[in-house]
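Swiss-Prot lists these features:
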- M1: N-acetylmethionine (MOD_RES)
- 1-63: region 'Required for complex formation with BFSP1 and BFSP2' (REGION)
- Q6: deamidated glutamine (MOD_RES)
- S45: phosphoserine (MOD_RES)
- Q50: deamidated glutamine (MOD_RES)
- K70: N6-acetyllysine (MOD_RES)
- K99: N6-acetyllysine (MOD_RES)
- H100, E102: Zn(2+) 1 binding site (BINDING)
- N101: deamidated asparagine (MOD_RES)
- H107: Zn(2+) 2 binding site (BINDING)
- S122: phosphoserine (MOD_RES)
- N123: deamidated asparagine (MOD_RES)
- 144-173: region 'Disordered' (REGION)
- 153-167: compositional bias 'Basic and acidic residues' (COMPBIAS)
- H154: Zn(2+) 3 binding site (BINDING)
- S162: O-linked glycosylation site (CARBOHYD)
Amino acid sequence: MDIAIQHPWFKRALGPFYPSRLFDQFFGEGLFEYDLLPFLSSTISPYYRQSLFRTVLDSGISEVRSDRDKFVIYLDVKHFSPEDLTVKVLEDFVEIHGKHNERQDDHGYISREFHRRYRLPSNVDQSALSCSLSADGMLTFSGPKVPSGMDAGHSERAIPVSREEKPSSAPSS
């Protein structure tokens with residue numbers, strides 16, 4: 001099986017229609033020079049085109065789904081263990097915070113931290129919220145919706161993160 005290996009110089013953004021990785025959720029995976037100067041690098045090789053869809057798919061952006069029966073958030077947190085994650089419900093919001101202290105890896109020392117806040121729909125049953133972390137690092141936060149007119153129960157509380165031994169079945173966009 002042949003695997004194409006691409007030098008980082010060729011993996012740069014080419015202007016306003018090609019998003020930068022600067023604000024993506026690559027928690028500490030490093031930045032290339034084109035992340036800081038995306039327009040400058042496009043003048044070097046004007047005929048090279050980076051795949052827009054590959055950039056979007058690899059960006060690690062969270063996915064929020066809300067249908068008639070349930071509300072679900074998928075978030076890639078592959079660099080964090082359940083002990084590093086805190087999930088809280090504060091009134092109509094869920095706050096997901098991940099932090100691990102400085103530790104050594106192959107390239108030196110690294111520490112990571114992120115904070116995400118999502119608005120919960122008003123009809124989500126907050127007493128039945130759950131959160132799990134799959135073996136491949138996909139955090140799944142979910143809660144059922146109650147029929148309109150019923151009390152969804154809003155309060156402040158922490159949601160424990162359980163670990164699953166199987167990879168995530170989250171749909172890829």
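Using N, Cα and C of the backbone, Cβ positions are placed for all residues, glycine too.
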If you run through the compositional bias 'Basic and acidic residues' (153-167) with DSSP, how many residues end up as helix, strand and coil?
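The counts are 0 helix, 6 strand, 9 coil.
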Find the one among the binding-site residues H100, E102, H107 whose C-alpha lies closest to that of N123 (deamidated asparagine).
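With Cα distances computed to N123 (deamidated asparagine), the winner among H100, E102, H107 is H100.
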Which whole-number value in Å describes the distance between the Cα atoms of K70 (N6-acetyllysine) and H100 (Zn(2+) 1 binding site)?
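Given the Cα positions, K70 (N6-acetyllysine) is 31 Å from H100 (Zn(2+) 1 binding site).
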Out of K99, H100, E102, H107, the recorded positions in the record, which is closest to S122 (phosphoserine) when you go by Cα distance?
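For S122 (phosphoserine), the spatially nearest of the recorded positions is K99.
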Check the region 'Required for complex formation with BFSP1 and BFSP2' (1-63) for me and report the mean pLDDT.
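PLDDT averaged over the stretch: 52.
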Applying a 10 Å Cβ distance cut-off over all chains shown, what neighbour count does N123 (deamidated asparagine) have?
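Within a 10 Å radius of the Cβ of N123 (deamidated asparagine) lie 18 other Cβ atoms.
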Within 10 Å of each Cβ, count the other Cβ atoms, then let me know which of the recorded positions K99, H100, H107 comes out lowest.
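Minimum Cβ neighbour count within 10 Å, taken over the recorded positions K99, H100, H107, occurs at H107.
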Whole-number Å only: compute the distance from the Cα of S162 (O-linked glycosylation site) to the Cα of K99 (N6-acetyllysine).
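Answer for this pair: 17 Å between alpha carbons.
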Which residues does N101 (deamidated asparagine) neighbour through Cβ under 8 Å, counting only same-chain ones at least six apart?
S111
Distance between K99 (N6-acetyllysine) and H107 (Zn(2+) 2 binding site) at the Cα atoms, whole Å?
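Pair distance, Cα basis, whole Å: 19 Å.
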For K99 (N6-acetyllysine), just give me the three-state DSSP call.
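For K99 (N6-acetyllysine) - judged by DSSP and reduced to three states - the answer is strand.
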Give the distance between the Cα atoms of H100 (Zn(2+) 1 binding site) and H107 (Zn(2+) 2 binding site), rounded to the nearest whole Å.
17
For the residue listed as 'Zn(2+) 2 binding site', name the DSSP secondary structure in the helix/strand/coil scheme.
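Assignment for the residue listed as 'Zn(2+) 2 binding site' reads coil.
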What does DSSP call K70 (N6-acetyllysine) in the simple three-state scheme?
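Looking at the DSSP assignment, K70 (N6-acetyllysine) belongs to a strand.
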